[in-house]
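Pulled from TrEMBL, these are the features on record:
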TRANSMEM  28-47  transmembrane segment
TRANSMEM  75-99  transmembrane segment
TRANSMEM  106-126  transmembrane segment
ACT_SITE  Asp142  active site
TRANSMEM  146-171  transmembrane segment
ACT_SITE  Asp156  active site
REGION    178-203  region 'Disordered'
Amino acid sequence: MTRPEPEGAGATAAEGARAVVRRRRISVLLAVALLAYLIDLGSKLLVVAKLEGRSSPIDVVGDWMTLQVIRNPGAAFGMGQAMTLLFTAIAAGVIVVIWRIARRLYSLPWAIALGLLLGGAFGNLTDRLFRAPSVLRGHVVDFISVQHFAVFNLADSAIVCGGILVVLLSFRGSNPDGTTHGGGPAPRAEEKAATAEDGADEG
């Protein structure tokens with residue numbers, strides 16, 4: 001004879017599964033952000049130490065792609081060079097917005113996209129805070145030069161990739177909280193997987 005489940009037990013289990021999913025998605029977001037940040041930081045330290053002050057760029061793909069260190073006071077790809085302080089504030093604001101979204105994050109693709117945005121924003125914000133000429137007005141280190149295009153860095157690349165992924169997810173109707181634009185729930189495969197993993201851990 002089986003005992004009936006207490007009223008609300010199913011809802012409690014579902015909420016618990018969603019909490020597990022959210023924690024894992026935040027972990028993915030932070031891992032992607034940390035990886036993007038460390039790669040950007042390491043690349044900037046390397047090129048400043050090895051390439052800054054060279055009279056000629058280093059060819060990577062002929063003269064189509066070269067490496068040369070540029071100190072950029074503006075935004076990504078050299079835009080808005082007279083508004084350094086404004087872009088510092090914008091980068092800080094982006095980080096705050098991403099963290100607020102992460103509080104209701106259940107989608108893995110969104111976790112990756114936001115992680116790329118967060119890591120890239122932190123990468124360039126670090127330059128704004130700690131590089132010359134002064135705090136909050138630091139110039140960002142750019143070093144990847146593509147023919148007929150602006151000079152950029154790996155933080156810019158992470159931001160662009162994250163932004164493209166956000167646009168694609170939005171066009172597909174996917175929201176960060178796992179719902180669709182129509183208001184319906186997204187497939188619950190992630191929750192089922194989390195529940196199965198929890199059961200395996202308990203076993």
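In case you wondered, yes, glycine gets a Cβ from its N, Cα and C as well.
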Practice task
Tell me whether Asp142 (active site) sits in a helix, a strand or coil according to DSSP.
Solution key: strand
Handout entry: Distance [Cα-Cα, Å, rounded] between Asp156 (active site) and Asp142 (active site)
Key = 9
Completion exercise
What DSSP gives for Asp156 (active site), in three states, is helix
